Amino acid sequence: MFYPDHFDVIIIGGGHAGTEAAMASARMGCQTLLLTHNIDTLGQMSCNPAIGGIGKGHLVKEIDAMGGLMAQAIDKGGIQFRILNASKGPAVRATRAQADRVLYRQAVRGALENQPNLMIFQQAVEDLIMEGDRVVGAVTQIGLKFRARAVVLTVGTFLDGKIHIGMDHYSGGRAGDPPSVSLSRRLRELPFRVNRLKTGTPPRIDAHSIDFSRLATQHGDDPLPVFSFLGSADQHPRQIPCYITYTNDKTHEVIRQNLDRSPMYAGIIEGVGPRYCPSIEDKVMRFADRDAHQIFLEPEGLTSNEIYPNGISTSLPFDVQMKIVHSMQGLENARIVRPGYAIEYDFFDPRDLKLTLESKLIEGLFFAGQINGTTGYEEAAAQGMLAGLNAARLAMGKDGWSPRRDQAYLGVLVDDLCTLGTKEPYRMFTSRAEYRLLLREDNADLRLTETGRQLGMVDDVRWERFCAKQEQIERERQRLRDIWVHPGSDGVEQLNPLLKASLTREANGEELLRRPEMDYARLTHLERFGPALVDSQAAEQVEIQIKYQGYIARQQEEIARQMRNEHTLLPAAMDFSTVSGLSNEVIAKLNDHKPNSIGQASRISGVTPAAISILLVWLKKQGLRHRSP
């Protein structure tokens, strides 16, 4: 044998799903092969130069909690960090980082190249090696055959990808890369349900041609947030601002006048696009009452002149793209350096997958990322990690693992995909999780790091840091419980000004911190209750666990209760539009199916667990919580 050709796990594709899958498998001790058509594009950001956001940041933290790569890479490549929803409760706060594409890609590649048990090889895959209903390897474009006990497909938008710019279209996996036509054809020969989806990207603009003096400036947060539980702000490169402009009546008129030249509106594109990241032509038509749409001008890196105009994804012809850009303030003389485009690609119905992301039809074959109908780097990376660890477990002869809905956003993601499927690119939101108070960014490690350790994903450094943090949290909570103060105590005159009402009875530190007007920093600034913890992560946990203790306990009770509501009856001939909080889509499905019980309602495609929770609350208020015999 002149070259290694037998592995435990093969990963096909080196994007965000593929890199996490490869790292997970290799960390668990499996000999892993990562096949990519171009080593230089490992971890490439094909669309927006950013990581995180509402729901997405939660996934990144969960990946990190289990030893994954994405959070550590963005800490090294992020050029602007912000906490979204900072003024709201901890459940919906989310970290977002603007990325330097080059630095991020370098961080990913560096981690991969230094990972034991992982071999990277540059070759496109054209076929799978099958033995009956089991996959046993892959064949590359020059006929090399590699065998493995498990294969993970993380091929993104490359399967029979077709790029559209106006009425022109050509084959491509993304701009500048070839599609994967042979592999797409081979997969279509297997017993999968296949369909087409669409996504898009905006034109890129030369920063030298923008009049920034006419734009609003958006800076990052101070102090600087970090993504990884092991990270620090010292790892971040130089931080720079983003800028804001707006579409206007002129922009919208240009779009309306050229809809006949849009491949989407002309019926040339058959794939369904992302509902929550629509093209600018879609936004103008769907929200005709809006006078303007906010556009964020995001730098693509510290050494790049390219600007990503977040909010004007389009497949309109290039001349129309120029008119759209020039219609906006500050961009009147802007130069486009890369045209925007839409891309259509194959995706495979995720209802054909187990919750481990292994195919129900082909043993040993796993799917992760956009091939499953999702959109976004974070959704892809989370699936990649799960598929990679389960491919490794299969190779080791062990049972698969997947998180529950009350355990992780990753659990929500795979349950939604594998149970309900999707007809449009699926994006994660906090609203998709019915137990979001438990599934916060800040406690992702407390939820998942111990599991990651048991699975073999978490190294000694992370584990020791995690155990020390847990110990600090419990020790500090006990310390606050043990410190009592009463109205006549020494130092109460320092405490009372911090309270809405002066102390009238004895209270300990935890009880004081539970008050809405008190926070951990102010409490521990008092000599009696100080000093504060130096570890900011542990200090944050102490405050959240104490302040939200009652709410968290109630949500844990709700989880147990939800399991008991399978046979709870719904009123006959019920009009679900009378239930406040249900989406129009859910109301339509419930009124159409007329379920007799909560159990039946929960199995209707599109009726989310969050909607079931709303129904249970409504039944309780109406005094209708009856169970069938």
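Yeah, the Cβs are placed from backbone N, Cα and C, and that goes for glycine too.
Annotated in Swiss-Prot:
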- Gly13, Gly14, Gly15, His16, Ala17, Gly18, Val125, Ser180, Gln370: FAD binding site (BINDING)
- 273-287: NAD(+) binding site (BINDING)
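On the structure: features taken from Swiss-Prot.
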residue	record	Cβ within 10 Å
Gly13	FAD binding site	33
Gly15	FAD binding site	30
Ala17	FAD binding site	34
Val125	FAD binding site	24
Arg275	NAD(+) binding site	14
Cys277	NAD(+) binding site	19
Glu281	NAD(+) binding site	25
Met285	NAD(+) binding site	16
Phe287	NAD(+) binding site	12
Gln370	FAD binding site	31
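Annotated pair Gln370 (FAD binding site) and Gly273 (NAD(+) binding site), C-alpha to C-alpha distance, rounded: 12 Å.
Residue pair Gly13 (FAD binding site) / Gly273 (NAD(+) binding site) shows a Cα separation of 23 Å. Counting every protein chain shown, the Cβ of Gly273 (NAD(+) binding site) has 21 other Cβ atoms within 10 Å.
Secondary structure at Gly15 (FAD binding site), taken from DSSP and collapsed to helix, strand or coil, is coil. Under the DSSP three-state reduction, Gln370 (FAD binding site) is assigned to helix. When the alpha carbons of Gly15 (FAD binding site) and Ser279 (NAD(+) binding site) are compared, the span between them is 23 angstrom.
Look at Met285 (NAD(+) binding site): DSSP puts it in a helix. Rounded to a whole number, the C-alpha distance linking Arg275 (NAD(+) binding site) with Val125 (FAD binding site) is 31 angstrom.
A 10 Å cutoff on Cβ-Cβ distances gives Ser279 (NAD(+) binding site) a total of 27 other Cβ atoms nearby, all chains included. Of the recorded residues, Gly273 (NAD(+) binding site) and Val125 (FAD binding site) place their C-alpha atoms 27 Å from one another. If you take the C-beta of Lys283 (NAD(+) binding site) and look for same-chain residues 6 or more apart in sequence within under 8 angstroms, you find Arg290, His293, Gly311. Distance between Cα atoms for Val125 (FAD binding site) and Met285 (NAD(+) binding site): 40 Å, as a whole number. Met285 (NAD(+) binding site) sits 33 Å from Ala17 (FAD binding site), taking the CA atoms of both as reference points. Our reading of the FAD binding annotation (Gly13, Gly14, Gly15, His16, Ala17, Gly18, Val125, Ser180, Gln370) yields a largest Cα to Cα distance of 18 angstrom.
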